[in-house]
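Have a look at the structure below, then the notes.
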């Protein structure tokens with residue numbers, strides 16, 4: 001009887017969900033021009049807003065490090081890994097959306113009200129699988145988003161250096177840390193409508209600038225494409241691409257901001273398809289032009305000549321990284337608000353003030369580990385692998401492990417994947433692949449590379465991968481000649497037949513020449529001085 005009425009219940013639940021969002025949007029509605037303009041630019045919740053948010057969040061600073069990954073992987077492996085991890089990321093984002101709808105539907109049936117509460121991933125795990133899964137999901141999700149924010153801050157300092165190198169990258173990190181702290185004033189993902197739209201436009205410009213500029217520049221003289229050369233570099237590059245398409249740790253928050261969250265199912269896949277039109281041409285073109293030079297330049301801007309087009313791309317990427325910092329940090333703000341009891345506070349200023357402590361550790365970690373590029377792979381292997389690949393796949397399998405759960409599922413598997421058997425097969429493959437290749441080999445390679453960066457540059461390095469400063473100019477404005485030591489000759493002996501010749505400072509101002517001597521037994525009879 002319950003399964004027979006399941007379809008009707010789903011429709012009722014869908015209506016309740018949609019109706020509740022409509023009620024929230026219409027509450028206090030006014031018809032003034034100011035209100036309509038604010039709604040147009042500030043209050044987003046449509047499927048289009050979700051698509052812009054997913055696409056904008058997915059292709060942030062990684063656009064600049066993918067050519068670096070291609071130099072580690074080689075052209076063919078780089079292309080194949082992008083396609084493979086793009087599909088895998090879309091699949092696990094789909095799983096997260098199913099689990100969110102399942103959790104929310106169950107709570108709606110229990111008359112739970114979410115009007116002043118933002119549902120998050122760890123709460124979905126808590127409601128479906130219990131507190132132990134909640135704790136694991138909370139730990140991985142918060143740590144990943146913390147380091148995701150750190151990476152955006154590092155990217156800001158790395159990019160601005162190619163426009164203004166009068167300040168070192170560490171100083172720029174201080175400055176942009178203060179700028180990114182202003183994201184505490186953005187209440188939720190509802191309010192990223194304008195920002196996500198502009199962010200995607202900025203990234204699109206940058207991607208096609210990299211493509212066109214590299215093709216016009218042509219291949220550098222003696223270019224080499226030796227990748228893959230080492231297993232460490234190969235798996236480091238692969239985990240950076242794993243990180244690239246693992247940006248769906250904020251899927252639940254984006255869905256909760258939608259008026260009809262059940263429409264999210266295919267949005268992430270469509271966003272990924274658009275992102276591939278940006279990442280594949282740009283990474284392949286830059287690698288074709290510069291080859292192995294990218295192994296020592298993790299930021300693609302470092303090798304392109306400075307022009308007005310490049311400066312525009314740098315500025316646009318800086319703005320976009322500010323937006324992506326907000327995307328990664330907003331879920332952390334929510335967690336912190338719930339911890340201190342201010343999540344349902346209606347005062348934006350109080351919530352903003354309470355959020356500020358979240359930015360401090362991000363700022364500090366960006367100064368300790370400024371390794372733009374290698375840190376992406378490390379975060380990808382150790383955190384992204386579990387947060388958005390392994391945990392969602394396992395959670396889906398355990399949530400629907402019983403026959404009754406599968407019969408009453410709000411979103412049953414589609415026919416083209418083979419229903420439940422196909423669903424479990426794909427999930428098991430994702431868990432096995434990411435655990436062995438992403439976390440196992442990828443973790444070994446990325447941690448090895450990360451430790452190498454620490455040994456080479458040190459923690460708190462002032463300017464990571466910056467060119468050495470030019471020699472100071474002479475008073476006449478000409479560069480000072482570089483002094484090279486004279487070729488080594490046979491040094492003047494300081495001992496002769498066990499006799500130590502005294503130093504210059506111990507000899508009188510007008511010493512007489514050293515007398516000759518014939519043997520060791522005459523040494524005590526010789527007198528020096530005037």
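Cβ coordinates come from backbone N, Cα and C, glycine included.
Annotations in TrEMBL come from automatic prediction, not curation.
According to TrEMBL:
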DOMAIN    43-435  domain 'Amino acid transporter transmembrane'
TRANSMEM  79-101  transmembrane segment
TRANSMEM  138-160  transmembrane segment
TRANSMEM  172-190  transmembrane segment
TRANSMEM  197-220  transmembrane segment
TRANSMEM  232-255  transmembrane segment
TRANSMEM  267-290  transmembrane segment
TRANSMEM  312-336  transmembrane segment
TRANSMEM  356-373  transmembrane segment
TRANSMEM  379-400  transmembrane segment
TRANSMEM  421-444  transmembrane segment
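Same-chain residues lying 6+ beyond the ends of the transmembrane segment (172-190) with a Cβ under 8 Å from its Cβ atoms: 42-45, 53, 118, 149, 152-154, 156-157, 160-161, 250, 253-254, 256-257, 318, 322, 325-327, 329-330, 333-334, 348, 351-353, 355-356, 358-359, 362-363, 366-367, 370. Contact between the transmembrane segment (379-400) and the transmembrane segment (312-336) is absent: fewer than three CB pairs lie under 8 Å, with pairs separated by 6 or more positions in sequence. With a cut-off of 8 Å on Cβ pairs spaced 6 or more residues apart, the transmembrane segment (138-160) and the transmembrane segment (312-336) reach 3 or more such pairs and are scored as touching. Taking residue pairs at least 6 apart in sequence, the transmembrane segment (312-336) and the transmembrane segment (79-101) share fewer than three C-beta contacts under 8 angstroms.
Counting Cβ pairs under 8 Å that are 6 or more residues apart, the transmembrane segment (312-336) and the transmembrane segment (267-290) reach fewer than 3 and are not in contact. Long-range contacts of the transmembrane segment (267-290) within the same chain, counting only residues at least 6 positions beyond its ends with a Cβ under 8 Å from a Cβ of the stretch, are 47, 50-51, 54-55, 58-59, 62-63, 66-67, 69-71, 75, 78-79, 82-83, 86-87, 89-90, 93-94, 97, 203-204, 206-208, 210-212, 214-215, 217-220, 223, 225, 244-245, 248, 251, 297, 300, 303. Note on the transmembrane segment (356-373): residues 61, 65, 68, 146-147, 149-151, 153-155, 157-158, 169-170, 173-174, 177, 180-181, 184, 240, 298-299, 329, 332-333, 336, 450, 453-454, 457, 459-461, 464-465 of its chain, located 6 or more positions outside it, place their CB under 8 angstroms from a CB of the stretch. Within its own chain, the transmembrane segment (421-444) has Cβ neighbours under 8 Å at 88, 91-92, 95, 231-232, 235-236, 238-239, 242, 377, 380-382, 384-386, 389-390, 393-394, 396-397, 413, counting only residues six or more beyond its boundaries.
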